[in-house]
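Residues or ranges marked as active site, proton acceptor in TrEMBL: 326, 327. Among the features that TrEMBL reports, NAD(+) binding site is placed at 128, 190, 213. Residues or ranges marked as substrate binding site by TrEMBL: 236, 258, 261, 327, 360, 414, 419. The Zn(2+) binding site annotation in TrEMBL covers 258, 261, 360, 419.
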């Protein structure tokens, strides 16, 4: 059963530290194994990718890339209602992310000086999509649509074939809806390496995004610098702050919606209402019995879940800002009043009718969010993650000469005489 605790500040701080401790550094043996795979793929290309795919997935296709015609055939029997729901979700995601797009600009001045910024999409991006029991078509939409809006030149998706040799048809349907350009049936660290280094058939990319297991996450971590990555995601998290107007059955359902992700997932309720705390705990026990992943929910709730009874809502807000959760629900009488008070959260869900799964699937904001307290300094995946910016400067001779003495003085103070000389030779002209 989920623990209920009276939470003073000392307890809350200790609990936060216990959650952080569950996300330890990668086992050194995992890093060593992944580093070996990366080197092998870098040196041996497709042959190494095929070898590891056979080893880990039990099957390797004759050719890794599948054509648009093959995708059409594999997705022909997808549930039409599911496809329609995914298309409506995609519309919402596009609409939200379209408002994030930055434009190139030129800032002219009356003196003839021009400065500005050029914004453009990355040349090529790789999207990793897990298969098997962790096949989430919604993640395809969330990772690909912002890249399309950023006008990335080419989007390459990799997803493991599984032991049947067939990819998940719903993953492929999502790829088609989102606008993926190429799909390769490879997974694991070897797929990330293929994207980072390029092989005879897999094109080299500038950035890799998307979730994966510890081997995929470690590969991304080790390859950062060779390529850009989105983030290193930890176990899923939800924090709910609630007052007496909240509904226990809603709170219990929302906490378990994240607990079912992973045995290490964290689901926490903090409230000043002790009766609400007890009623929610009872609801968790009741609802859990009807859910298909109840074993996972039970373990994550018992090990990393809690209901904390605090003094007041201000204390709950302080706890939220300290924890910096991936998902934060505000189930209160006037939830909009809290927007300006909540500084650290990946995504905030306001009110009894804005449950976390609404954001996971449909509303529009991205569900790729910072975890493990990194919402203090990281942001959700966005269009910004798929662009690069270059600034440009144009000065006339007259304007450079006006600034010359200042530039030379600063350069000489820093003892960079060649910098100063670059300006001085133009003064002498």
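Glycine is treated like the rest: Cβ placed from N, Cα and C.
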Check: For NAD(+), with binders 128, 190, 213, what's the maximum Cα separation in whole Å?
Finding: 13
Notebook entry, point to check: Counting all other Cβ atoms within 10 Å across every protein chain shown, which of the binding-site residues 190, 213, 236, 258 scores highest?
Noted result: 190
Next item on the list: Could you measure between residue 258 (substrate binding site) and residue 327 (active site, proton acceptor) for me? Cα positions, answer in whole angstrom.
Entry: 9
Checklist line | Separation of alpha carbons, residue 190 (NAD(+) binding site) and residue 414 (substrate binding site) (Å) | finding: 47
Check: For the binding-site residues 128, 261, 360, 419, which one has the sparsest Cβ surroundings, going by other Cβ atoms within 10 Å?
Finding: 419
Checklist line | recorded positions listed as 326, 414, least Cβ neighbours within 10 Å | finding: 414
Next item on the list: Using all protein chains in view, find how many other C-beta atoms are within 10 Å of the C-beta of residue 327 (active site, proton acceptor).
Entry: 27
